[in-house]
Amino acid sequence: MGSLTQLEEQEATESEGWAPEAILYVNGVRHALPDGLAHLSLLQYLRDMGLTGTKLGCGEGGCGACTVMVSDYDCSTKKSLHYAVNACLAPLYSVEGMHIITVEGLGNCQSGLHPVQESLAQTHGSQCGFCTPGFVMSMYALLRSNKLPPSEAQIEECLSGNLCRCTGYRAIIDSFRVFAKTDNSMYMNSSSSSISCGEFICPSSGKPCSCGESKFHNSESSNGDVISGQHRQVSFSEVDGSFYSSKELIFPPELLLRKVLPLKLHGFGGISWFRPLTLRHVLDVKSLYPDSKLVVGNTEVAIEVNFKSAHYPVLISVTHVRELNALSIKENGLEIGSSVRLSKLQEVLERVIAEREIHETSSCKAIYNQLKWFAGKQVKNVASVGGNICTASPISDLNPLWMASRAEFQIVDVDGNIRTVIAKKFFLGYRKVDLAKGEILLSIFLPWSRRFEYVKEFKQAHRREDDIALVNAGMRVYLEEQGVNLRVSDISIVYGGVAPVSLIATRTESFLSGKPWDVNLLLDSLKFLKDDVPLADNAPGGMVEFRKSLTLSFFFKFFLWVTQQMSEKGFLKGGLDVTDMSAIQPYSRPYCSGSQIYEVKSHGTAVGLPVVHLSAKLQVCGSAEYTDDTPTPPNTLHAALVLSKKAHARIVSIDDILARSSPGFAGLFLAKDIPGSNKIGPVVQDEEVFASEIVKCVGQVIGIVVANTHENAKSASKKVQIEYEELAPVLSIRDAVKLASFFPNSEKCLVKGDVDWCFKDGQCDRVIEGEVQVGGQEHFYLEPHGSLVWTVDGGNEVHMICSTQAPQKHQASVARVLGLPFSKVVCKTKRIGGGFGGKETRSALIAAAACVPSYLLKRPVKLVLDRDVDMMISGQRHSFLGKYKVGFKNSGKIVALDLELYNNAGISLDLSAAILERAMFHSDNVYDIPNVRVKGQVCYTNFPSNTAFRGFGGPQGMLIAENWIQHIAMELQRSPEEIKEINFHTEGHILHYGQELRNCTLQQVWNELKTSCDFPKARETVNKFNLQNRWRKRGIAMIPTKFGISFTTKFMNQAGALVQVYTDGTVLVTHGGVEMGQGLHTKVAQIAASSFNIPITSVFISETSTDKVPNSSPTAASASSDMYGAAVLDACEQIKARMKPISDRNQHTSFAQLAIACHLERIDLSAHGFYITPDIGFTWASGKGTPFSYHTYGAAFAEVEIDTLTGDFHTVTANIVMDLGYSLNPAIDIGQIEGAFVQGLGWVALEELKWGDADHKWIRPGSLYTCGPGTYKIPSLNDIPLNFHVSLLKGVPNPKAIHSSKAVGEPPFFLASAVLFAIKDAIIAARAEEGYYDWFPLDNPATPERIRMACLDEFTKQFVSSDFHPKLSI
């Protein structure tokens, strides 16, 4: 069949009548799609046409930054359907005949914001703003799709596929909660009677629209205003009560009236795209192209094409095939078409569960529950049942349930013959199913459950929401009465994540069949299960012991659940012990709540007020520009990097023949092509821009390819062939220590008192020793690294726009690489989509690489990294190894600390020495230790260079300190909180680096926190809970912090600013700091506004540019508001001093009048302000000094609950108290605290980096496995504390910073370790159940693996000993 000629193909398809043109509407505007675009995603198309509000965050549908709303017309129901999708995964032609609404289609700053946008802006829900349009569109799609106002649960579910790295989510949730309303009139300035009878009111706006019951019956609308402009316009109120006019886009009438026809289109690379409308047509095309791929949502195919180099020449879209989209409720079960979307299946299952007998829907409930955690809403809206089945992923959440639930699959061949296969026999091997080339999956039949038949789903992942499973399972048992007992008539046990294919526990099933359902059956079956799941030690995915233990835990839960079900029916008298009920307690997350408590200490017109972020309104409507959004100059080339695939090797040869013949290729540039120096670095120039002879890590840049498009550049870069001669790599801190692989002159030491004397002379009642491994962390800023570089004046100058925290470092690096003076290189940054330290130094390497082809070819070059490349090459938070020896009295008073610190720098020094130094400075946290010795060394390893990350080494040092504090507490059998209070710093204390503590508010912060959380009562409540629950435990912890504010390198503590007053009374400010979501520009504007006594709206902050303010320090160290705010104030005061004689001479009614008067008097209204941080200085020669201007103090309380059988956890409560002096902007500061805490929560409990090292041999040596949102899990909305409370300490002005404020960016981050130690507290309670009371290590992140394997019980003991320590890449 596959050998038919072109003529036969034409004859086979002509009768279908291919559509003469492909049509798409975008924001109400008609677009005719030309042939030849089948290779494009919807996101690429939208961005190419200038709709850059839709962002590229990850390219795999994992972050939600690319969310748009799709509107389609359902001919069967005669209704418009509205749903959110990931534009990065959607093929362009898949949305043909539909209406796409992007964030630009809602509202804008000129004509007014949509209420969804306005609410998010006004409630401080947008910080860096890169993720904001995606959140707006997810919420908007929910409101448009609902006939009634959504519930809070629906709101949280609709946002589950969107990630934010800045806000901590609380403000976002609060901003959207206003739409979970019961009265539409709250959002209307007119009564409901003013709306025509019969018109549907859109929940998103309270306006008439097409998403409800209204139908078009013919070519004329019932309302004349529909066709005219395709909008209905009504006036409605903002959430703050003011009025404005807005428009709601409706479904285009042309698409309602247009007949849907089959599509046959093509794309680059020989791709053919078919969209048949009937099953017969699908089979005909399949017969012509037996190897063709059927697609619905493209959620799997896009990943394979984009990240696994898969190529599918023929794609058949079956979204419009009625037979494959049918979903029928029959007498004996559900028949589900293979193209049915998962969201549709979820809706039908919910209805079936509500309507049918309880015993019939056990399998339906299991599938429904599993779907809830399957993926984000955007994926479920398009992904199909059949696609998930036929992908045959070994970690599919649904396949084990189909297999366990007696499901049957109907398969049809190209001749129309149908055969049935039971689900258990459909999966043949790794991603291999029982489908011949000429066959497709037609439908799935799910039979109703029988009386006494129970089906249950199980899943454990790193993160509960939108995460792939580590292990999952589907289990079913059919019981029958045997006298007074019950026996197993039939049973199915199927696991995912433990084999190349969903694994049936066949021996266990055979053993259980016919056995009585009792405790003996449980114990015996566990023995069989252990042998039924063979996992090799080096099995892909690792965590072998954990995954094995989960197979037993899941069955144990299943047994208890079924026992309880039967007990409720009057069988199995006695049922479960009340303490065992916790094993089967379903997870039900209540809606999160929170509070923010602060006082407003205003100064002038703006300082101290909770002003909204200056860019918030631009960000919520998608107008805010980031590097990749900048319109490119004509003739721009796109770049892709050629990267090393070896951890350590000599380059033998580079072959670029294939690359040069690649489409659009414009050049390959290597080390030999660099005009200036090939080495750069922020402190020491020890890193090559392009590797010349030896590659030192996987991901090291060898060269750069430029081409006419981004895709062509990537394609060409992959064709560069490199031959290597491999060398031995160093792949961990322990290896580095063993081999003495340290950077030269990196050893540091701080000493206070005499540690050796204390340990030898009996000064200590007890001495403990231990090690702490501290895991790294990926920055995961939503905006990847990017640079646009171009030459000016015939190549005499070089300009660039970059996503960086340090434009001056870009200027310096590019000048060095090109051999130009700094004065001829300009770097500009408008804003960046998150940085967190990751764009302080590593971004310079991106600009340095891009500048070479731009300079040599004299053409603009744009280099924007894909997410996986960004994560692989740009470095992360340093992992640390700490070795401690602590002496203390029986009273708990610490006498001596001897500490060794090692950090993993990677292949270049970067900022690793300074990061180690800060870790050493913070290694005491807040504790008074008379005798201290801290040694540190920077390890050289064959990994990409690690770099700055929020906290800059401080959190690592403090985390090690809190570990030995808890070790002391367990040794003395006292609470850690008691030990902390005994050893707190006090005013005037001399720290181990010689600085005297001034204005120490630690005790005030601690006491306020202890009172607010009622710690004694919380402890009592947790203890009571733990007594009553065997398999779920709760824990609590209180953690203090002290964070030093200043760059520890003295010369960097300087800042410049340029302030210009115009004759209309407006003020333009340019300073050296970069806005990355932290609100720096907003605070600076407040300072300028208050200084001139003008409204903040009269102040504009211009882009950061090296030709305006020179020699600026990076925006880092939490000190930017202090320094740049003071520099701006200095400039303002200079101008005010010049204006004063004019002001004193005459009365002026406005600042504008005064400015004009000064101008007429030839007064200079421009000033350069400058600030240096006073009274600081530290030398390592003496090990003494004052490295910090002041300290920011804080404390946090956390309560968590863990599932001891699976390692799952959630944070019940988090209370935070911070001393921020007199806050410049309490709303922004609260947002920084919440965002830092949730980011810190990721570090301590969720985010694990996995590298190819000795402990992870299933990963290629030196390679990063966790290089995207699919494998690396930052916190999602459902991971934030259920009760989230933040309070700012009142009445504590800071005399050391501008307007008595304090820095906020980094200090709160470490407070999230309260969650880690609360988890450990809960584990201690679990271990006590088994008689284990000794100290044990718990590395961060405390992933489900680490939690589960630390909770020793009868299940884990079958695989590990009591001292088992899960592997961690450090």
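Heads up, the Cβ atoms here are built off N, Cα and C, so glycines get one too.
Automated prediction, rather than curation, is the source of TrEMBL annotations.
The active site, proton acceptor feature in TrEMBL is assigned to GLU1306. The [2Fe-2S] cluster 1 binding site annotation in TrEMBL covers CYS58, CYS63, CYS66, CYS88. Among the features that TrEMBL reports, [2Fe-2S] cluster 2 binding site is placed at CYS128, CYS131, CYS164, CYS166. Annotation comment: TrEMBL describes 294-301, PHE374, 384-388, ASP397, LEU441, LYS459 as FAD binding site. The Mo-molybdopterin binding site annotation in TrEMBL covers GLN805, PHE836, ARG950, ALA1117. Under the heading substrate binding site, TrEMBL lists GLU840, ARG918, PHE952, THR1048. Per TrEMBL, domain '2Fe-2S ferredoxin-type' is recorded for 20-106. Here TrEMBL flags 266-451 as domain 'FAD-binding PCMH-type'.
Feature map: annotations from TrEMBL on the structure.
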| residue | record | contacts (Cβ under 8 Å, 6+ apart) |
| --- | --- | --- |
| CYS88 | [2Fe-2S] cluster 1 binding site | SER41, LEU42, LEU43, LEU56, GLY57, CYS58, GLY59, GLU60, GLY61, CYS66, ALA302 |
| CYS128 | [2Fe-2S] cluster 2 binding site | ARG165, CYS166, TYR781, LEU782, GLU783, ARG831, ILE832, GLY833, GLY834, MET1076, GLY1077 |
| CYS131 | [2Fe-2S] cluster 2 binding site | LYS55, GLY57, CYS63, GLY64, ALA65, ASN162, LEU163, CYS164, ARG165, CYS166, LEU782, GLY833 |
| GLU300 | FAD binding site | ALA383, GLY387, ASN388, THR391 |
| SER384 | FAD binding site | VAL296, GLY297, SER338, SER339, VAL340, ARG341, LEU342 |
| LEU441 | FAD binding site | SER338, GLY386, ILE389, CYS390, PHE409, GLN410, ILE411, LEU435 |
| PHE952 | substrate binding site | GLY837, LEU911, ALA914, ILE915, ARG918, ALA1116, ALA1117, GLU1306 |
| THR1048 | substrate binding site | ALA914, GLU917, ARG918, PHE921, PHE1178, PRO1187, PHE1188 |
Model confidence over the domain 'FAD-binding PCMH-type' (266-451), averaged pLDDT: 95
Any further residue of that chain within 8 Å (Cβ to the Cβ centroid of CYS128, CYS131, CYS164, CYS166) of the recorded [2Fe-2S] cluster 2 site: SER126, GLN127, GLY129, PHE130, THR132, ARG165, THR167, LEU782, GLY833, GLY834, GLY1077, GLY1235
Number of other Cβ atoms within 10 Å of the Cβ of LEU294 (FAD binding site) across all protein chains: 23
Chain-internal residues near PHE836 (Mo-molybdopterin binding site), provided their CB is under 8 angstroms and they sit 6+ positions away: ARG165, HIS779, TYR781, PHE949, ARG950, GLN1239
Residues flanking the [2Fe-2S] cluster 1 site, with Cβ no more than 8 Å from the Cβ centroid of CYS58, CYS63, CYS66, CYS88 and excluding those residues themselves: LEU43, LYS55, LEU56, GLY57, GLY59, GLU60, GLY61, GLY62, GLY64, ALA65, ASN86, GLY134, ARG867
Largest tally of Cβ atoms lying within 10 Å of a Cβ, found at which of the binding-site residues GLY297, GLY387: GLY297
Between GLN805 (Mo-molybdopterin binding site) and GLU840 (substrate binding site): CA-CA distance (Å): 5
Alpha-carbon spacing, LEU294 (FAD binding site) to GLN805 (Mo-molybdopterin binding site), which is rounded to whole Å: 45
Spatial neighbours, same chain, of GLN805 (Mo-molybdopterin binding site) - Cβ under 8 Å, 6+ residues apart: ILE832, GLY835, GLY837, LYS839, GLU840, SER843, VAL1074, MET1076, PRO1114, THR1115, ALA1116
Packing count at the residue listed as 'active site, proton acceptor' (other Cβ atoms within 10 Å of its Cβ): 27
Neighbour tally for CYS63 ([2Fe-2S] cluster 1 binding site), based on other Cβ positions within 10 Å of its Cβ: 30
Neighbour tally for CYS164 ([2Fe-2S] cluster 2 binding site), based on other Cβ positions within 10 Å of its Cβ: 31
Cβ neighbour count (within 10 Å, all chains shown) around CYS66 ([2Fe-2S] cluster 1 binding site): 28
Any further residue of that chain within 8 Å (Cβ to the Cβ centroid of GLN805, PHE836, ARG950, ALA1117) of the recorded Mo-molybdopterin site: GLY835, GLY837, GLY838, GLU840, ALA948, PHE949, PHE952, THR1115, ALA1116, SER1118, GLY1305, GLU1306
